[in-house]
Amino acid sequence: MTGTDDIRQDAGGRAEAEAARRRVRVNWLLSAPALVWLAFAASGPLLIMAVYSFLTPGDYVGVIWDFSTEAWFQVLFSRDIFDQTVSLADAHLTIFWRSLSLSMLTTLSTLVLGFPTAYFIATRPRDQRPLWLFLVTIPFWTNLLIRTFAIMELIRNEGLINSVLLKFGLIDQPIQMLFTDGATLVGMAYVYLPLMVLPLYASMERLDFKLVEAGYDLYATRFQVLRKVIFPLVKPGVIAGSILVFIPSLGAYVTPRLLGGGRNMMMGNFIELQFGAGRNWPLGAALSITLLFVVMAALIVYVRNVGKGGAGHG
Amino acid sequence: MADPLSTGVGGAGERRAKRFSVQTMPGFTIMAALCFIALYAPLFPMVFYSFNAGESIAVWQGFSWRWYESAWGNELVKDVTIRSLVVACFASAIATTLATLAALGTTRTEAFKGQTFIYVIINQPLMVPEIVTGVALLVFFAMIKVATGYTGLAYLIAAHTAFCIPFAYLPIRARLEGMDKTLEAAAADLYATPFQAFRRITLPLMAPGIVAGAMLAFVISLDDVVITELVKAAGQDTLPTYMLGQLRRAITPEINAISTALLAITVVLLTAIFFLTRKKE
């Protein structure tokens, strides 16, 4: 096989190389329309944003083309209007911390709920699994706005939970649940839960229960088997699910806006504010680029860990 | 059934007699049950109050279709729904075409320089947070609007097409990767021109992937809130951005009715797909 291949390659080497070059050129030509479109309406505008973050805000809207690093300074610091003293921008830090902590809590709570669910589905008889999976996919494909609205109706002051509690005399004043950080957390956990279950299931489906059995044969307890055998084996799924939940949580806009309200802003709402009522496009641009870097860092962690995990257990 | 313990001793004995199962994890089934309840329970009050005869979304005043009738007769709702469908049709059609070409150029080929670059660009909308893409497009389109004076629907379609491309690309690529080149080679042996081979062999074989990609792209476009909210000009609301606007005002059960109708459409479509793909197996 190899011998004849070599001979052929030697004989038609140049023609072969020319054909290969042509194939590569065709590949690029086929991909070009999609690439051009994405450069126009996705990647290109990001570069413009990077440029805008170094400009001066316009009086009413837009920017003035004067170079300035003020926007990047404003991401973390604020200057007193009167005596120009520099201090940390507490309001911004609060928003960053809320975004980060709520996203991590969302990831954690979806993991705690999603792990047993994915395990449950993966241990059903093979012909029942599609049905259970289907039950996870329906909410996944239902519009995020509708699901957020459903949570909103549930926890409003006049909502179902408060009405029931009032009726049974457990409380005499409705509990303010809407427009709190807790509401945002519950809402995000609810809307992103399917994003956790699906990749977890994908890796649990391939779980080899002979290894689990071996663990029990060696007198491991249920918890030890879970921690030392199952968890390491499905770690790629855990990481994939966590990333899939963490990234949209960090940039969430609709859920914090409807459930958290104007005072409990997250990164996404804060960025939008700069392009709306805030009228500070450069700051908004700098904040967007910051968010982008955090997301990229999370993705790099993901790629590294899944790579390492795969090699370790292979 | 033949188990003697199951007749006389009752529940406890039956459980003890059961074989030790390696798959059981204590509490996991309960957690899974809770999870399924949590996924569906919040939707019920929304559906329930869409049939309320009263103005309230909290006090039940009897059954009626009035809010469905009012949503159906609402010119604004009709208007935004049509706009949503127009944008989704254009965006999914263009995105699927571009994605099909790109998938043909990036699968079933020996690795070439720049392939990773193409993957990264195509999948970029999946990695960049929507809000960032949204404001970037807001800034970029504002520049074009100033330069050209055009403020039509094309901006929304361009933006939707871009973020639909990866959703259309992924199933098409998956389909192509599962196809080998023997049939095309056979067609070439039988003197088919490359175009004939593509038209008669490759295209029909990859059709299920294209259909899946187009459907995905269509749904993703219909569902989008964030990018649309930022890119749309005044009076260019789509159904989701219209609903978002309504949710900030006084809520009437009309919103429940619209949401329930959309939910019902989603469930019916997914159930149809579920049974169609099941039968094939």
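Cβ atoms are placed via backbone N, Cα and C, with glycine included.
Positions annotated as domain 'ABC transmembrane type-1' by TrEMBL: B:81-274.
Marked as transmembrane segment by TrEMBL: B:25-43 (among others). A Cβ distance under 8 Å defines the sequence-distant neighbours of the transmembrane segment (B:25-43), meaning residues of its chain 6+ beyond its ends; these are 263.
Per TrEMBL, the feature transmembrane segment maps to B:82-105 (among others).
Note on the transmembrane segment (B:117-144): residues 99, 102, 105-106, 150, 155, 159, 162-163, 165-166, 169, 224, 226-227, 229-231 of its chain, located 6 or more positions outside it, place their CB under 8 angstroms from a CB of the stretch. Marked as transmembrane segment by TrEMBL: B:117-144 (among others).
Within the chain carrying the transmembrane segment (B:150-172), a Cβ under 8 angstroms from the stretch's Cβ atoms is held by residues 83, 86-88, 90-92, 94-96, 98-100, 102-103, 122-126, 130, 133, 137, 141, 144, 206, 209-210, 212-214, 216-217, 220-221, 224, 227-228, 231-233, 236, 238, all 6 or more beyond its ends. Annotation comment: TrEMBL describes B:150-172 (among others) as transmembrane segment.
What TrEMBL records for B:201-222 (among others) is transmembrane segment. Residues 84-85, 87-89, 91-93, 95-96, 99-100, 103-104, 160, 163-165, 167-176, 179, 183-184, 187, 192, 239-240 of the same chain, all 6+ positions outside the transmembrane segment (B:201-222), place their C-beta atoms under 8 angstroms from a C-beta of that stretch.
Per TrEMBL, the feature transmembrane segment maps to B:255-276 (among others).
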